[in-house]
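Reading through the structure tokens given below for one structure.
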Amino acid sequence: MYRVLLADDEADVREGLIQEIDWQGCGFEVIGVAENGREAMELAERLSPEVLVTDISMPFIDGLTLAEWMREKYPLTKIVLLTGYDEFDYARQAVRIGVDEYLLKPFSAENLTDLLAAIRKKIEREIAERDDVRQLREHYRTSLPMLRATFLASLMTRKLSMEKVEEKSQNYDLALSGRCYEVAVVSLQTSGEHEGAGEHSLRSSQDLDLKLYAVLNIAEEIWKQQGLGNAFIYQEYVVLLSIDTGEEDWQRHTQQALDNVLRSVDHYLRLKVTIGVGSAVSDIADVKDSFEDALLALDYRLVAGSGRLIYIGDVEHRRSGQLRFDELKEQALVRSLKVGTEEELEAVLDILFGEIGGEAHSYNDVQVYLLEILTAVLKTAKDADLTMDELLGGSFQLYGELFRLSGLAEARRWFHKLCGRIMEQISSRRQHSYRDIVEQAISYTKENYHDPDISIQRVCSHLHISTGYFSGIFKKEVKLTFGQYLMQTRMEAAKELLRGSALKAFEIAERVGFADPNYFSFCFKKQVGISPKEYRSRSLKPDEKEE
């Protein structure tokens with residue numbers, strides 16, 4: 001079933017559309033109904049419809065403005081415009097901005113049913129074109145830009161001189177000049193295949209390279225459309241390099257494009273991906289650092305959840321530095337301490353101590369090896385701002401205590417106990433951090449709800465975190481979206497003013513953050529069930545009513 005959002009300010013039209021059309025029979029389901037353009041925008045952001053059916057003439061925000069906004073923010077959504085004969089010129093304008101179909105009022109159920117059938121065929125054709133393995137394999141053989149991808153991959157793995165970057169950029173016609181650079185890494189979720197996949201469906205294929213190429217096709221199209229930079233495949237990832245060329249709100253546009261990649265890969269390929277986003281760097285030679293940050297952010301998918309954007313700045317408030325412990329072994333140990341489970345820690349310790357017992361080693365070699373492990377553990381604790389008092393209760397003789405242990409089995413138990421304490425403290429700090437962020441957001445909202453321009457973007461800018469990360473933890477802690485909480489706060493303030501003051505409705509609207517008094521009245525009635533005037537009347541005492 002494809003998801004449909006309806007928008008029309010006439011109740012009888014909305015009711016007729018729902019009742020007279022066999023939506024399920026046409027392969028659609030109505031997931032939301034809006035009375036005006038502004039409400040339609042709010043529903044679209046929350047529900048991500050695949051089809052929008054909207055009238056032109058609506059209060060607050062008209063259908064043309066809604067269609068233009070929808071096309072810019074959700075370019076894959078199909079838009080059907082409903083219009084009267086006297087609005088035909090507006091309909092032609094809508095077609096120019098990207099509306100897929102339009103119907104002239106009055107129209108029959110059969111007219112709309114035929115149009116929905118055409119829309120459905122168009123959606124299915126687009127999905128089939130992207131999902132056909134044979135077509136993708138042929139395209140893959142003939143169009144993969146190997147030289148570009150190899151050079152871009154080299155930027156992720158080592159620091160190149162500016163001369164080398166400029167030379168290769170010119171040779172491969174790559175625009176890499178910018179003020180800032182940010183790397184995002186797209187990782188496929190390989191476990192759990194989708195059911196019901198056809199023989200030639202990408203979902204049923206075991207070819208990881210082909211799946212990566214299909215994801216690259218979508219990501220590259222979005223990246224080029226937004227003019228953000230370059231997309232390429234490196235190892236088992238699709239890497240997206242975003243370049244700030246001076247455009248306003250570059251990082252916001254980058255985040256919107258990454259959100260679009262997530263939705264589009266799921267919609268067209270039925271594949272789940274997680275995207276790790278590194279920190280921004282000011283020099284092209286430092287892109288390697290942003291790439292490593294993005295990979296580290298992906299490690300947090302066990303905590304933050306898969307199928308979403310994970311910004312390194314959201315999950316790592318302090319960088320762990322460049323200290324390495326025996327390459328992959330230290331990375332695995334540090335990762336298990338920060339975001340791992342008890343079972344993962346056990347597995348890492350099995351590997352670390354298994355190496356000691358696997359072959360004959362000198363006593364000095366074992367001493368150095370255990371010291372390196374302990375140094376990595378304590379470095380992780382320090383980076384998490386943990387004190388020795390918190391971990392050991394004042395016992396600081398760790399190195400001496402380590403070498404008084406009687407054997408490897410006892411040493412393993414000792415490390416397991418120390419690592420368990422660190423994992424517990426880091427997890428506790430992270431939970432407190434979530435609550436602190438939400439409390440700061442609530443405090444800021446209560447102080448500024450009267451400002452019509454307050455938004456989730458403004459709150460996140462104040463808190464210096466991304467909107468995707470904030471939305472998740474706010475909903476988890478408060479059980480409401482931020483938009484719902486802001487509306488609730490404003491409505492409670494409005495009710496208090498209606499009960500305790502003689503201010504007119506338009507004055508109250510202004511005081512609680514509504515620039516449009518009509519929209520305030522609309523929202524109040526929707527939230528409370530009655531108009532502001534009726535609410536004030538019911539709130540008055542009998543003697544006050546007589547006066």
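Glycine is no exception: its Cβ is also placed from the backbone N, Cα and C atoms.
Keep in mind that TrEMBL annotations are predicted by a computer and have not been checked by a curator.
Sequence-distant contacts of the coiled coil (109-136) (same chain, six or more residues past either end, CB-CB distance under 8 Å): 2, 17, 20-22, 26-28, 50-51, 78, 80, 100-101, 103, 200-203, 205, 207, 210, 213-214, 217-218, 267-270. Summarising the annotation, TrEMBL assigns coiled coil to 109-136.
The domain 'Response regulatory' annotation in TrEMBL covers 3-120.
If you look up TrEMBL, you'll see 439-538 marked as domain 'HTH araC/xylS-type'. Predicted-model confidence for the domain 'HTH araC/xylS-type' (439-538) is 93, expressed as mean pLDDT.
Around Asp55 (4-aspartylphosphate), the C-beta neighbours below 8 angstroms that are at least 6 residues distant in the chain are Ala7, Asp8, Asp9, Glu10, Val13, Gly63, Leu81, Leu82, Thr83. Residues annotated as 4-aspartylphosphate in TrEMBL: Asp55.
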